[in-house]
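Everything below concerns the one structure shown next.
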Amino acid sequence: MHFADQREPGIGVDWASMEPPADAVADAVVLALHEDLTPDGDVSAALVPDDAVADGVIASRAAGVLAGSSCATEAFAQVSPDIEVVWLRADGDRLAPGDVVATVRGPLGGVLTAERTALNFLGRLSGVASTTARWVEAAGAVDGLVRIWDTRKTTPGLRALERAAVRAGGGWNHRTNLSHWVMLKDNHLTGTDIASAVVSSRSLWPGRTVHVECETLDQVRESLEAGADALLLDNMTPASINMCVAV
């Protein structure tokens, strides 16, 4: 059994990069700022003198893993190109409480308008990275070969960003979209059997790996005999999983 890597058609993942695609970042920030800024703009920041300058830092409030720096930079940039953000730490870095991760300097009104959007992205994505890192650490303490994978159960519109945050936390990305790996779940197997579904998958999509969701030991055996590349053991106890691994 094996998992596909970046050479498989459709995956589109740079495993070495902690950064999400630039277009995904820009699009997400546009939508986020649209939630805050109506045609009337930021009526509170409008009271700030035009020549007022902000000179501040972004610091961590808790221990964790940094992610989302490109989104924060983009939020400030879309509000004002005169805002300069300098990152002192990179996505994937471990942080302690109080660590300064970036400096921000620019027009005070623009900084105040963009700061909540920037911090929302940092908080959300650093949270994903930090949680992933805890699972990676826990799994590694048991077996260094165990990998933590994500799923498609992402926040709508933020998949590329959250998947990058998973990588920042040391995790791995599962299928990117529905055209990626073949994933045969119970609903897909209605009216057919595992062996036939695997054969059909090989015929239709010869370049993609085939994953089968299994709920029983018999399904595990049938999937392996059919030549499935990977199995998803669904709702099994640790004891049942050990029996499946031993097959």
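Each Cβ is built from the backbone N, Cα and C atoms, and glycine gets one as well.
What TrEMBL says about a protein is an automatic prediction, not a curated fact.
Lifted from TrEMBL, the feature list:
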type	residues	note
DOMAIN	45-126	domain 'Quinolinate phosphoribosyl transferase N-terminal'
DOMAIN	128-246	domain 'Quinolinate phosphoribosyl transferase C-terminal'
Using DSSP, break the domain 'Quinolinate phosphoribosyl transferase C-terminal' (128-246) down into helix, strand and coil residues and give each count.
54 helix, 14 strand, 51 coil
In the domain 'Quinolinate phosphoribosyl transferase N-terminal' (45-126), how many residues does DSSP put in helix, strand and coil?
33 helix, 23 strand, 26 coil
